[in-house]
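Reading through the structure tokens given below for one structure.
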Amino acid sequence: MADVPWYKAAMSTDVQLPSTPQASSGYRYYDLVMAAFVAVYLCSNLIGPAKAAQLTVPVIGPVTFGAGVLFFPISYIFGDILTEVYGYARARRVIWAGFAAMTFASLMAWVVVHLPPAPAWQNQAAYEIAFGSTWRIVLASLTAFFCGEFVNSFVLAKMKILTHGRWLWTRTIGSTIVGEGVDSLLFYPLAFYGSGLIPNEILWRVMLAQFVTKVGVEVVFTPLTYKIVAALKRAEHEDYYDIRTNFTPFRLRT
């Protein structure tokens, strides 16, 4: 059967909710999606924040933002794909993998930054700027990621059942709005309120701008998300519905 364009598939009403969740252990691409999720999350947190970028937006004018904001939302897109195709429990394992990887990377960065530099090496100051985040920011980032990703996955899984698998765009965008909202509401106050790095009076504006940008990335990538989800469902013979799932985040069993 020919592929249905995403904007037509979004309005389809002939999807039937299966009576029981499907289960399969022989997935071909699950580990690759997990690797992509973790890689994007690590890079957006370790590489992106080191640079403040500025773009001129028509009507609005110059907009300054942390470069990582362009790539961090892609981790939510992968989270949506994981939950939509493989279900909440398998997405949960990937979220924990990302959390563990970022914790180790933060610890490694702290150790390397604090190692005494060789006398002939003159780049310590630049290295500290790139990788020397304070533990307050690191802990805020980990907390926001943990809560935001699990909320995103939970909302998408529940919406899939409520919509009987129809209107994928409502799930991907709706869950991202909630998940990114939780992420932003936790990260910016925990990381910057009262720190002097971002004045308190503009902190909420910065938070709102970053939130809108992140959700905007999800909207722009919606057609691609439709194609990836459809391709994975066909390749894996899986379209998981979390009907009897235990939604606690504190377990790794699938």
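Every residue number used here counts from 1 along the chain in the order it is shown.
Cβ from N, Cα, C; glycine included.
The model shown is predicted, which means the values in this text are computed figures rather than measured ones.
Record features (TrEMBL):
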| type | residues | note |
| --- | --- | --- |
| TRANSMEM | 29-47 | transmembrane segment |
| TRANSMEM | 59-82 | transmembrane segment |
| TRANSMEM | 94-115 | transmembrane segment |
| TRANSMEM | 135-157 | transmembrane segment |
Exercise for the section: Using a Cβ cut-off of under 8 Å, list the residues of the same chain at least 6 residues beyond the transmembrane segment (59-82) that approach it. Expected result: 33-34, 36-37, 40-41, 43-45, 47-53, 90-91, 94-95, 98, 148-149, 152-153, 156, 171-172, 175-176, 179-180, 209-210, 213-215, 217-218, 221, 225, 228-229, 232
Fill in the blank from the handout: Beyond a gap of at least 6 residues from its ends, the CB atoms lying under 8 Å from the transmembrane segment (135-157) belong to 41, 45, 75-76, 79-80, 82-84, 87-88, 91-92, 95, 98-99, 102-103, 106, 110, 171-172, 174-176, 178-180, 182-184, 186-187, 190-192, 195, 242, 245, 247, 249
